[in-house]
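Trainee: I have a structure I would like to understand better, so I am pasting it below and will then ask my questions one at a time.
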Number of protein chains: 2
Amino acid sequence: MKYLNLDRTDAYGKLKEEYSSGKERLSLPDLLSAERIRSCSIAAGGGLTYNYAAKEVNEKVLRLLSDLAAETECIEKYRALAGGERMNTGEDRRVLHHLTRGELAGPVTEKDRDLGAFYREQQKRIADFSRRLRAGEITGSTGKSFSTVVQIGIGGSDLGPRALYLALKNWCRTELKSPLLEARFISNVDPDDAEEVLSSLDFERTLFILVSKSGTTQETLTNRALVAGMMRSAGIPGLDPERHFVAVTSETSPLAGAPGFLDSFFIDDYIGGRYSSTSAVGGVVLSLAFGPEIFERLLAGAHQADKAAMEGDVRRNAALMDALIGVWERNICGYPVSAILPYSQGLHRFPAHLQQLDMESNGKQVNREGSAVAYSTGPVIFGEPGTNGQHSFYQLLHQGTDIVPLQFIGFVKSQTGYDTEYENSTSQQKLKANLTAQIVAFAAGKKNSNLNKNFPGGRPSSLIYGEQLNPEALGALLAHFENKVMFQGFIWNINSFDQEGVQLGKILTSQVLGAAEKRGDLLDTYARLLKL
Amino acid sequence: MKYLNLDRTDAYGKLKEEYSSGKERLSLPDLLSAERIRSCSIAAGGGLTYNYAAKEVNEKVLRLLSDLAAETECIEKYRALAGGERMNTGEDRRVLHHLTRGELAGPVTEKDRDLGAFYREQQKRIADFSRRLRAGEITGSTGKSFSTVVQIGIGGSDLGPRALYLALKNWCRTELKSPLLEARFISNVDPDDAEEVLSSLDFERTLFILVSKSGTTQETLTNRALVAGMMRSAGIPGLDPERHFVAVTSETSPLAGAPGFLDSFFIDDYIGGRYSSTSAVGGVVLSLAFGPEIFERLLAGAHQADKAAMEGDVRRNAALMDALIGVWERNICGYPVSAILPYSQGLHRFPAHLQQLDMESNGKQVNREGSAVAYSTGPVIFGEPGTNGQHSFYQLLHQGTDIVPLQFIGFVKSQTGYDTEYENSTSQQKLKANLTAQIVAFAAGKKNSNLNKNFPGGRPSSLIYGEQLNPEALGALLAHFENKVMFQGFIWNINSFDQEGVQLGKILTSQVLGAAEKRGDLLDTYARLLKL
């Protein structure tokens, strides 16, 4: 395979030329039409459809983007990655999160070990454990059944699983007959985070899930100690913290096989933290809370999206099209930020997960061989649910001096089905009407001679939509963005799978916490401001 | 007073010149020193201190920024605004949120009415109502005392009050002897939002606070209908929804004096939604949840910050300095985004409030007279608490291709006081050590010949810190940012107090919900995708 920096590709030069010479052919208000809305749809798996009608890309640009995908060998690299090639070059690791939901390119073996079988085996162990615990066969140390699970983890061990839990809990509560366990999350080293969660728990009926791939995450180990200490000081006769903890870690970590856990479930170095929601990192908490069948449906949706992303024709590959248009907007149009706007309250923490996924993967300035790149890479990602955002930051999106490309997400039906009619429409109809109105308002704008009331339009968006936010749709949504980010990493020729940017902070934190003479002047002076 | 566009000021030209000619004098790693950290501190009210040592501004730039403040008459305009001048030019309204926490420039009267006395009277009515309700003298329709309050509002009626509630609830739980009422929030028109909150409520013991200044907010009125419908269908004998609702609105709105409310509390057109947290909009829910004394302490902190922002010397005015450095970064350095990073879990939704405050206020492209401006205005604002963000998007902040200016917030003590020692330091010490480490890592960086492990540094940040996140500190923090945003609006010569950018969406939403033939092709085609 060829690994070219973006600015060495033929397509990049042609795209820049098309942008500078063809601006008048690229007016979004002119481009957008009913016919275009009908034709710019791509199935994305899990019942989802990606629609890019309101993106500022004409036929010529789409052809060049297709050339760019071919020239950067996006599909070939994806196939190689799925087949087990060591695409995480900085850490010399495979990248196998796809394999947690199914094989895409046959089995991946290492020293005669089938890695897909390993992930499946863990999932089976999780499913068995979950069924027994949910049936009351596994109880707490005082003999009571568990009603709450608390995930202790940070970053990828927190944001993805938490966003997925919040996205499905109301659907599950409405749809399922079997009872749900409540899930809570402790992530921050700020002791107020743990204290708030712990202050309302019934320890006898709570299972803690300690999640750290390396087994050395400072925040997570500190919170384990804090939780165990609070349990011991609760003075509950017979309460044994060790029988209220399970671990999710790698087999080579200091936590693996360590005493103090009821059971342990494993991942390996080929599952990056921000890509770990479909591994045991998300699997334990979601299987315990909702039952393993729900988690398996989520995996099936993700696998569908993964398969859809293998399609070679860009116009039939939603994740690849999304990635290419993102590169167009970032590198050719020069837009540094993108917003995620789900019109579904269940997705209220999904943008925070995508923020990590995208910014930690592609916020890099060196290519996969370690040389500096001369172009922009990952954008800043932020977002809040609509319609809330309409009453908040949309002002800037509509009338600010910068253009921010938008990613709308919406569903035909609500999750819980509860609704009311008010002034001739239901809440769900109002929600969808607002979504529809916003896409058109951003794209087409509205002229007004009073410039304060003028809407310039030309603000591009895409829409991912489906029938309902159910486990399959959520799995596909998750995988769609993982694959988009992966494709963009290929196009930028960067390694989307390491995160060296977190290291310096760790070193300096140790210096601050160590002997004062090692802090150095700057650390020491700031530390003194904070009375440290 | 003079109203000059930024690019017509002398200081702007000189700042641009200094930037282009003086780049080598502006290296942040060279600028930052222990002495600078000690000297670049400004008291901000409420026990808070603003420190700008790690901002990329040298003495020359600071002098020019001070000139810019003088030339744009920031303090004079603030004084005029506080004195009641109609600074919201687009809507021809006064801007009086400061007056909800105290007089800064004497009384403000309109047709012989003292507007400060009006706000105080409302606050007194809220305090009385809260005391009686919290004492069990005001009960629900079935005679039970209230244990939960639910705010129904969106945008400014949701984000600020919610962020403040979350920021204080653990402090109050720990510090106060009087019991807290739990507060919940319903904002989105998505029926899943209301359903989730309602599904866990005891209606007999719940008071709903309907908040809409105009009394016409679609989401809020729809949610009122949805809540009332669910209460009626709950089949609880004697339950009367009308005795479980209070209103917060303006005296001229259709809700004022309408039947169906236990009581009503008022604001007026001079309190913008995103500036309304210290009016009845935040006052009712916070006084009910925590007791009116806590809300009054928050007001006192905000008033201190307001007074501190009147200081004419830029180097002793935290909000003005913050505003000026932000303009330097936005318009001279060209940074389009800024991140808010509170090292305090209680502030986990505070960035969402600041996102609205800043982006809705200053995301404008016309000046206060309605002419287009030729420079950038408000940046994109986003943020999450540390240390969580360190395991997420900080990768891009450290090593991405763009520079994102940072606003750190931290406190000496945690809110709840619960802590544990693990590996020779407490959680709170670890939290502060991480904060210290990040400021220095971003500013100074760390050279490495392996570019993948290289930290370029030069990434500017400021730090607001205090002893503890208590009501006074929180009030001051809120007011600091309100005043910063106000000053930036003065410097950009825009009206920070209207929000015309929300109007087009409302019109198009009505079209979608109306007769299909009025939708037009684009709206209709998108609506059909969503089966609307």
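Including glycine, each Cβ sits where the backbone N, Cα and C put it.
Relevant sequence annotations retrieved from TrEMBL are reproduced here:
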ACT_SITE  A:GLU360  active site, proton donor
ACT_SITE  A:HIS391  active site
ACT_SITE  A:LYS506  active site
Trainee: For the active-site residues A:HIS391, A:LYS506, work out the Cβ neighbour count at 10 Å and name the residue with the minimum.
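Mentor: Each of the active-site residues A:HIS391, A:LYS506 was scored; lowest Cβ tally within 10 Å is A:LYS506.
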Trainee: Express the distance between the Cα positions of A:GLU360 (active site, proton donor) and A:LYS506 (active site) as a whole number of Å.
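Mentor: A:GLU360 (active site, proton donor) and A:LYS506 (active site) have their Cα atoms 16 Å apart.
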Trainee: Based on DSSP, name the secondary structure state of A:LYS506 (active site): helix, strand or coil.
Mentor: helix
Trainee: What is the separation, in Å, between the Cα atoms of A:LYS506 (active site) and A:HIS391 (active site)?
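Mentor: Cα of A:LYS506 (active site) to Cα of A:HIS391 (active site) measures 39 Å after rounding.
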Trainee: Please report the number of other Cβ atoms within 10 Å of the Cβ of A:GLU360 (active site, proton donor).
Mentor: 30
